[in-house]
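Engineer: According to TrEMBL, the protein carries these features:
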DOMAIN    41-289  domain 'G-protein coupled receptors family 1 profile'
TRANSMEM  27-52  transmembrane segment
TRANSMEM  59-81  transmembrane segment
TRANSMEM  101-120  transmembrane segment
TRANSMEM  197-216  transmembrane segment
TRANSMEM  237-260  transmembrane segment
TRANSMEM  272-291  transmembrane segment
């Protein structure tokens, strides 16, 4: 049954966020509301970009794929977590565990690279406006998005192979609310140091590489704004950059905490960090990246008048 291992248990048991009975119902209500807002915000943004010709620009093209990744990896995690909180049946099959982790790794990695593509797009638009149409052409946009998904697909295959390629022959209780690398590898009977090193290196390459692109792009943007814009324009640009970087900091900070620390340091705090990038960040992203923009507000206003 295992991917290269000797797994003898038919199922894993997810221990969940908490085992306190009185906390199950409040957490279910809270996470259900967050999931509904996540779906409404991200799907609403995708529909708005699709129906509003004024939003058919590279920036919103990347934002629709970013929202799609948010919806997908949130849906990979939240429904299972909600049913576990509501019904208390926390079992998950081997195939279900592998599939959940693989899809989660795919869409989270894609989101990292999409964030880098979005930052590059804003850098070219602000720092090189005269060449923007040529550099960020429709063909270039599709190539960037295809690259994001290609790298994410290959990375997810490696993450999944390293995580589930060990031998599993003992405990089957996963101390988490979804199938993630560290809690799954803790159940392995074989030596996992090589797998952990490979996962660490791959996570570092994806995380540090994309975060470097984001920080360099926003650094150039701020430098350009300080040199040319008026005071009101600078203040507006600072607010936009600060909100974007705050979202990036929450997302990457929790990811780095989870995947760029030694295996011996993992513990109960991992669940708190995981909640930020699996539940909270997908809910906030539509508001931070789009709904504060004048173009989106104008498109929403035109849509309301038509209705």
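Residue numbers in this text run from 1 along the chain shown.
Here the Cβ of each residue, glycine as well, is placed from N, Cα and C on the backbone.
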Engineer: If we call contact 3 or more Cβ pairs under 8 Å (sequence gap 6 or more), are the transmembrane segment (59-81) and the transmembrane segment (272-291) touching?
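Structural biologist: Answer yes: the transmembrane segment (59-81) meets the transmembrane segment (272-291) with 3 or more Cβ pairs below 8 Å.
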Engineer: Does the transmembrane segment (101-120) reach the transmembrane segment (197-216) with at least 3 CB pairs under 8 A, where each pair is 6 or more residues apart?
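Structural biologist: The answer is yes, given that the two segments have at least 3 Cβ pairs within the 8 Å cut-off.
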Engineer: Do any residues, 6 or more residues outside the transmembrane segment (197-216), come within under 8 Å Cβ-to-Cβ of it, and if so which ones?
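Structural biologist: Distant contacts of the transmembrane segment (197-216): 109, 112-113, 115-116, 119-120, 151, 155, 158-159, 162-163, 181, 248, 252, 255-256, 259-260.
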Engineer: Pop the mean pLDDT for the domain 'G-protein coupled receptors family 1 profile' (41-289) in here, whole number is fine.
Structural biologist: 87
